[in-house]
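Engineer: Below is the structure I would like to discuss, written out as structure tokens.
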Amino acid sequence: MVLDETYLRQTLAELLAIPSPLGVTEAIAAYVKSKLNELNIEFYTKRRGTIVATLPGQQTRADRAIAAHLDTLGAMVQAIKPSGRIALVPLGTWSARFAEGGRVTVLAGDIPIRGTVLPVKSSGHVYGDEVDALPVGWDYLELRLDEPCSSAKDVSELGIDVGTFIAFDPNTEFLPNGYISSRYLDDKAGVACLLTAIKALGESPALAVECHPIFTLSEETGCGCGHAPDDNVGELVSVDIGPVAPGQNSSEHTANIGVKDTSGVYHSALVNKLIALCGSHNIPYHKDVYKFYRSDTNSAILAGNDLKHGLITFGTESTHGYERTHIDSLLSVSRLLVAYMTSPGESDDS
């Protein structure tokens, strides 16, 4: 089956352009539903908004499922200061280092309000060396709105209050050499890979085993896929970001298979199956152990789902920061997803 690289790139660009911080996922969920409709894929929406699609298969027991999450990191208004500046709290776990200097949209009503996240001492002409002396942390940042705000009352009149959501600009770049740099490749690149793999199946006959692509909305809080798999799902694979850094084995130019993360080891039989698929389909891959990491499959296991779990990742530099991956990795991941979805069925106790 041939992968549509243009579709992969375009879908990723469109996903990255839709703000979807934790708690504000309606627009991106609607987008994914529209893509599934274009591909004539049946799906339903669970109470919490998770999208569960169905790719028919000859075997409908011990189904397969593949999860990718639509939610991203972001921020929320923690307090409005008397000066008209705004104190922030992060959505998800990420360093204030990567928030500092970020351009943002405050999601307060129909008219977007723009602003910049700055250190509480941001002017070198005023504070001199004190700017560099500030510690790194969310308590030392504040949001400056691009509105005439000099008091808390001014901010409130814009419809901004404690709990208002804030989306950071992704600053996406697709470079001619194949590198892709952007906030929120986690996990919009994984979503793009999954949709591309589904498209590659085209009008092919039914799969050997029924498969359920699952698009979750709260992975960054650790609960994303806990409620999502139905009882008949026997295997669940997450497609998500894979950290590339010294001491890690993941690559920006291959698919990567998680063996272990913070929650423990992935199911060895499913890990070995993914490795074998890479070998039989000539898909470049690396295995890796992720030290400070959880995926949608972990939340499913912790919720008591009785299934085998695995992890496929696209190699990415500076995860939860200004992330960078390469089209090589995204294509390899998409190929592995196709290989997994089209692989023969196995007995329940294998």
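Using N, Cα and C of the backbone, Cβ positions are placed for all residues, glycine too.
Note that TrEMBL annotation is computational and uncurated.
As annotated in TrEMBL:
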ACT_SITE  E219  active site, proton acceptor
BINDING   H69, D186, D240  Zn(2+) 1 binding site
BINDING   D186, E220, H320  Zn(2+) 2 binding site
Engineer: For Zn(2+) 1, what surrounds H69, D186, D240 with a Cβ no more than 8 Å from their Cβ centroid?
Structural biologist: A68, D187, G190, E219, E220, S238, V239, I241, S295, D296
Engineer: Using DSSP and collapsing to three states, where does D186 (Zn(2+) 1 binding site) fall: helix, strand or coil?
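Structural biologist: The residue in question, D186 (Zn(2+) 1 binding site), is helix (DSSP, three-state).
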Engineer: Inside 8 A of the center formed by the CB atoms of D186, E220, H320, which other residues of the chain have their CB, for the recorded Zn(2+) 2 site?
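Structural biologist: Leaving out the recorded residues gives T72, L73, G92, T93, W94, Y184, D187, I241, T319.
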Engineer: Given the recorded positions E219, E220, H320, which one's Cα is the least distant from that of D186 (Zn(2+) 1 binding site)?
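Structural biologist: Closest candidate to D186 (Zn(2+) 1 binding site), judged by Cα separation, is H320.
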Engineer: Given the recorded positions E219, E220, H320, which lie close to H69 (Zn(2+) 1 binding site), meaning Cα to Cα within 10 A?
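Structural biologist: So the list is E219, E220.
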Engineer: When DSSP states are folded down to helix, strand and coil, where does H320 (Zn(2+) 2 binding site) land?
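Structural biologist: DSSP call for H320 (Zn(2+) 2 binding site): coil, neither helix nor strand.
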Engineer: In sequence order, which same-chain residues at least six apart have a C-beta under 8 angstroms from E219 (active site, proton acceptor)?
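Structural biologist: Set apart from E219 (active site, proton acceptor) by at least 6 residues yet with Cβ under 8 Å, we have H69, D71, D187, C225, D240, S295, D296, S299.
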Engineer: Helix, strand or coil: which one is D240 (Zn(2+) 1 binding site) in, per DSSP?
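Structural biologist: Reduced to three states, the DSSP call for D240 (Zn(2+) 1 binding site) is strand.
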Engineer: Going along the chain, which residues six or more apart from E220 (Zn(2+) 2 binding site) have their CB under 8 A from its CB?
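Structural biologist: Spatial neighbours, sequence-distant, of E220 (Zn(2+) 2 binding site): L22, H69, D71, T72, L73, L91, G92, T93.
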Engineer: Under a criterion of Cβ-Cβ distance under 8 Å and sequence separation of at least 6, what residues of the same chain contact H320 (Zn(2+) 2 binding site)?
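Structural biologist: Listed in sequence order: L73, G92, T93, W94, S95, F98, D186.
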